[in-house]
Amino acid sequence: MHNLNLFLFGVYPYIAIAVCIVGCIIRYDAQPYNWRAGSSQMLSKKGTVFTNNLFHIGILLIVIGHTFGLLTPKSVYEKFVTPEQHQIFAMVAGGTAGTMVFIGLILLMLRRWREPRVNRTSSTGDKIILWLLLAQVVLGLMTLFVSYQHLDGITLEHIENYFQSFFYFGTFQSYEGIENISIIYKAHIILGFTLILIIPFSRLHHALSAPIWYFGRRYQIVRTRFALNKSRY
């Protein structure tokens, strides 16, 4: 059991991250025109805007929350809140964002299976990804009930120390701090790294190419053909 935990939480995360980085580089270099979201919005627009926004905004909030929540050192946030308050805030924020993703994902899955044109253009891999995302969201929401049983913030602190140890390759020691946490937390962590692992081989890669540079680009001047023809005379 000790060796299994060492592999799953000490070695496997680095394998997943390495495969993700190298795989994305190779895929973008070999198949640049295949680096796209493959959106099916044009095939069926019934409620698509609301569902997509609910899902993607929820995902964005979860990514931001996990990044700052897990990687912010205790010495920084304890100046403003106690560990108990920090955990309660994480539960409320994570529960809200997780519920948004859960509802949006369920609606997207119903659309993908019920709309004939969308279903026909969906690959088996696309559907597997949706089920994996649903499992991850459900596990994340289940951690709320486990966390509610101990609001002292100690378990959250162990998990934070584990993720912060990635920056100095200390997971081989820090994983021992999460060795005795609930199986729900462990499954959530392992499935999270599995999703990272399969990013280059699925449509999840489009999350890495969000067009955020649009906010900083210069305005484009667009002229109609009538205006161009008129300017010649």
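Cβ atoms are placed via backbone N, Cα and C, with glycine included.
Note that the structure is predicted; figures quoted are calculated from it, not measured.
As written in TrEMBL, here are the features:
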DOMAIN    5-225  domain 'NarG-like'
TRANSMEM  6-28  transmembrane segment
TRANSMEM  49-68  transmembrane segment
BINDING   HIS56, HIS188, HIS206  heme b 1 binding site
BINDING   HIS66  heme b 2 binding site
TRANSMEM  88-108  transmembrane segment
TRANSMEM  128-148  transmembrane segment
TRANSMEM  183-201  transmembrane segment
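If one looks beyond the transmembrane segment (6-28) by at least 6 residues along the same chain, the residues whose Cβ comes under 8 Å of a Cβ in the stretch are 34-35, 162, 166, 169, 171-172, 175, 178-179, 186, 189-190, 193-194, 196-197, 199-201, 205, 208. Look at the Cβ of each of the binding-site residues HIS56, HIS66, HIS188, HIS206 and count the other Cβ atoms within 10 Å; the largest number goes with HIS188. For the transmembrane segment (128-148), the residues of the chain that approach it from at least six positions outside its boundaries are 62, 87, 91, 94-95, 98-99, 101-102, 105-106, 108-109, 112, 155-156, 182, 184-185, 187-188, 191-192, 194-195, 198, 202-204, judged by C-beta separation under 8 angstroms. Residue pairs drawn from HIS56, HIS188, HIS206, the listed heme b 1 binders, are separated by up to 22 Å at the Cα level. Counting in whole angstrom, HIS206 (heme b 1 binding site) lies 20 from HIS66 (heme b 2 binding site) by their C-alpha atoms. If you measure from the Cα atom of HIS188 (heme b 1 binding site) to that of HIS66 (heme b 2 binding site), you get 12 Å. In the three-state DSSP scheme, HIS66 (heme b 2 binding site) falls into the helix class.
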